[in-house]
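Peer 1: Okay, so TrEMBL annotates it like this:
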- 17-704: domain 'Myosin motor' (DOMAIN)
- Gly110, Glu111, Ser112, Gly113, Ala114, Gly115, Lys116, Thr117: ATP binding site (BINDING)
- 581-603: region 'Actin-binding' (REGION)
- 821-1034: domain 'TH1' (DOMAIN)
- 990-1011: region 'Disordered' (REGION)
Amino acid sequence: MMVLQEAGMAELEGLEFGKSDFVLLDEVTMEQFMDNLKLRFEKGRIYTYIGEVVVSVNPYREMDIYGKDTIDAYRGRELYENPPHLYAVSDAAYKAMKRRAKDTCIVISGESGAGKTEASKHIMQYIAAITNPSQKAEVESVKNVLLKSNCVLEAFGNAKTNRNDNSSRFGKYMDINFNFNGDPTGGHINNYLLEKSRVVQQHEGERNFHSFYQLLRGGSEEMLKSCHLHNDPALYLYTREGSAATTSNNDRMNHKAVMSALDAIGFLPEEIRSINQILASILHLGNVSFASDGENIKILGLDSVKHISELTATDPDSVSKSLLFRTVATGGGEVIEKGHTEQDACFGRNAFAKALYERLFGWIVSRINGIIEVKDYNPVLHGKNTVIGVLDIYGFEIFDSNSFEQFCINYCNEKLQQLFIELILQQEQDEYQREGITWQHIDYFNNQIIVGLVEQQHKGIISILDEACLTVGNVTDTVCLESMNTKLAQHPHYTSRKFNPSDKSMDFQKHFRIRHYAGDVTYSVDGFLEKNKDLLFQDFKRLMYNSTNPVLKEMWPDGQLSITEVTKRPLTAATLFKNSIVALVDKLACKEPYYVRCIKPNEMKSPVLFDDARCEHQVAYLGLLENVMVRRAGFAYRQLYARFLQRYKMTCEYTWPNHLMSSDREAVEAIITQHGFHDDVAYGHTKLFVRTPRSLFTLEQERAALLPILVLFLQKVWRGALARLRCRRMRAIYTIMGCYKRYKVKAHFWEVERRFANVRTMADYGRSVQWPTPPAALASFHRITNTLHRRWWARQIVKNIPPSDMLEVRAKVAALTSLSGERKDWGVGRAWERDYLSNVRDCPQTSSGFVRVSRELKNKDGYGQVVFSGFCRKVNRFNKSTDRALLITDQFVYKLEPRKQFKVLKRVPLDLFTGLSVTSGVDQMAVLHTSSHDDVLMCLQPGELCPNQDRVGELVGVLVDHFSRDCPRCFRLAVGRNAARPVCSSQILKPEYQTSGPQPPPCESTPSGPEQPRDLWARLFNVKNLRLLTDAELSAPFRRGRRAVFLTRLFGDLQVGRRRRWVGLMEIWCFH
């Protein structure tokens, strides 16, 4: 055999601590194995490897090797990089799961008191510590529940035995589900064979389950009072035996921890209260006693019954009836009540107490599973869901008196030992032979014969027990033993006193012995059939199902069946346990196993005593020596050529990215040769075998160094592909957008042309036509076209106005410019006469005289035309008013006396007037301002033409029109309380509307302010642009030729002569 090369552990620990891996022993003998194990135990090194198997010796003391620093030291490291530890095998299982997406499991085995429960807790803590580095809340919640569940399950499933203060009295297998990132997403717990007989009876020096003592000693006074309990366990039959037992457990502190864990997991306050009530009901149930009264029996002291009724939310009479009577269905379908004997009543009471606790424990496990189960899992979205299983199950037990429970427990350990043999010893050697690897066979004990003794169909012990339970009549445990003696007489691993009369350690008709892999165990047949039947009267099931407590009702779904419906005989306890263990072994067999083999150093729980004989016995029956032999001669790692090549091909230039060799084996040989590992490997028919983990670790290191480079390369290629894809998509998008925009532009032109096709023949020249909404590209063109249409429409209106009406139109436009929005009524709806004093209809009595006087003044002063005339009431500086006549010509302003034949009282050149002020109301007040500050305040008087005529607007219009057209200079206008506003030609018409020739200089007297003339114009007429459009402005978004054709088809030839400014004015006028 080739000796396994020393890995790094020997370099990390000195020789004074012995060999850290039993594979490194000089000779594989039991003496050297035990010497090394003892030396490491005495030096405080409780962990030792056998390859990837960890051998753990219970130190019976606290050790400072489980902190955060230790976790960090083992995180992501290979097995041989650090001294042996539970963390190393936990990390190896986690890495195998994460790297190869393969389910793994950690099997913790050993006899009771060897430290299996503590080992499982450390493994769980390590897995929780190394996962979820990003601290996701949902992952942290799952981790918290998984860790807290250990505390709860220990309280309800562990108890003090004579060998162990915290012995697991049930089997636990926990699956932890991980996502593709390696973070836990949920889990599931399976429990096996709770030792419920401990609820009603314990051996001397042992205790009931921890939960009872924690409730009595740790519960608050208020809670105990509500449950009718006292804090002394000696007061209750079921806890009396263990009340005085010494233990290292602090029940008060543990109770607080359990209550906190239940709350953290997610149990509701009502559920926690129900749990305490059920525990209290079991304690009260134990104190129910019976006495015979002739043929009948009665309950002594009904207080306990009342307490049970209150705590279980049932009827007191129903509780008493269930304890004293049993409902039986006859063959004819008749239902009768059969009274119990005192013995039957005690049996029923104890069976009810055991069933209550078993249902409670099962409900707690299922409730935890419901909280931590993987929810909304979709393999397509979330990737492969991988699992790490952790098995913590009761160890092999040999007591002074071994009963049905020890029989089942030891059978379970036989099955697990068989799995270990098959996976570690048998399958490995068979694989070497299959693959053609040179190998010298190693003999080992195969315990399949013992497993067959227990579970074989028709001949096994379980089948014999089931047959006895199904037999009609009075079949006793003794009869069952005789049946086993008859059928198993020739089995080499079965014996009884009948076959060995001289062996006085066994009694006739009571004991039988099985030669287990761990040693000979003598079982007492007393109670085997009763425990196998696991009989519980149906009356108790219906009683609990009818409880008003929803939690309790949920635990007893089978209670809904009536007595006539319950006909099928349930499976026996042994068969149910066998089926669950077979399913467990199948589940473990499909995973990659990692083993922790726990050894108990002594029976005294001493941290310094090492019992050589006891430890040697455990080493022998665990098959550790054979395991060392197989590992020394075997290979640490094996993998199919294709999978090995797929994982490590990037480490060799001849295999990356794809090899050109004739087979995958040749490519793998190229990888091994390049790294110089040819002396450390063997080539099988389909697999590569690597002898030492160091070679594999070297490959992993090189692969890890190359992965970032490959990832960057793949990212570059992928990003380039994505960029090209995006580029093609963008080009396609822009092409589609361009075509669509062109279509929308054409469609807009077509729609405008359709709507305005007959605009010239319409009565309103298309003013009522609704313009279509333009696309964004034609927004500017739409505004320009709309403006052109308005101008064309205004031109059509203006050209139909007679020349005689143009003065009035211009004056009204000027008034609109000045008064719109400032004065409500300014006479826009009537005809403006201007010269009212010469109008016969307005001044019938004085018009002739005024006509004569105005003619004389015209001849004398040579003015061109009358701008405005009318009666007014003048107010002087002394607040005296007199009737006067006002005559405004294009050169002078005359103040006339109407009572003296229109005598001229005052003549003022029109050029001296600088402004006009009017009010915003309906009054006719007006103030003419002069440059000499000799202002004229007057109130215009209506004539007989219309008594309520508003002439202020006409006065404003004619003056503003005159000053803007004939005297282009600044003329201020003030309306109401607003500040004076300058009005000049540049404000009425923009320069584009002016005729050719010299333009007036900008008004220097224009006051600065937030509202400039251009803005004022836009505000007055709600029009932003009144300019005639230039070719440059009409050039976008289409060509000039098409624009001219389009506009001509719409509006015809737009004349741009001397009257174009009036087109703009009429546009304003008509739109307002």
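Cβ coordinates come from backbone N, Cα and C, glycine included.
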Peer 1: Cβ-Cβ under 8 Å from Gly110 (ATP binding site), same chain, 6 or more residues apart: which ones?
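Peer 2: For Gly110 (ATP binding site), the qualifying residues are Ser56, Lys116, Gly395, Phe396, Arg597, Cys598, Ile599, Lys600, Gln618, Leu622.
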Peer 1: Give the sequence-ordered set of same-chain residues, not counting Gly110, Glu111, Ser112, Gly113, Ala114, Gly115, Lys116, Thr117, with Cβ within 8 Å of the centre of the Cβ atoms defining the ATP site.
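Peer 2: The surrounding set, listed in chain order, is Asn58, Asn164, Gly395, Cys598, Lys600.
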Peer 1: Take the region 'Actin-binding' (581-603) and count its residues per DSSP category (helix H/G/I, strand E/B, coil), listing them in that order.
Peer 2: 9 helix, 8 strand, 6 coil
Peer 1: Report, as a single number, how many Cβ atoms besides its own are within 10 Å of the Cβ of Glu111 (ATP binding site).
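Peer 2: Here the count is 26.
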Peer 1: Taking the Cβ of Gly115 (ATP binding site) as reference, which residues of that chain separated by at least 6 in sequence fall under 8 Å from it?
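Peer 2: Within the chain, Gly115 (ATP binding site) has Cβ neighbours under 8 Å at Ser56, Val57, Asn58, Pro59, Cys598, Lys600.
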Peer 1: Provide the number of Cβ atoms within 10 Å of the Cβ of Thr117 (ATP binding site), excluding the reference atom itself.
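Peer 2: A 10 Å sphere around the Cβ of Thr117 (ATP binding site) contains 22 other Cβ atoms.
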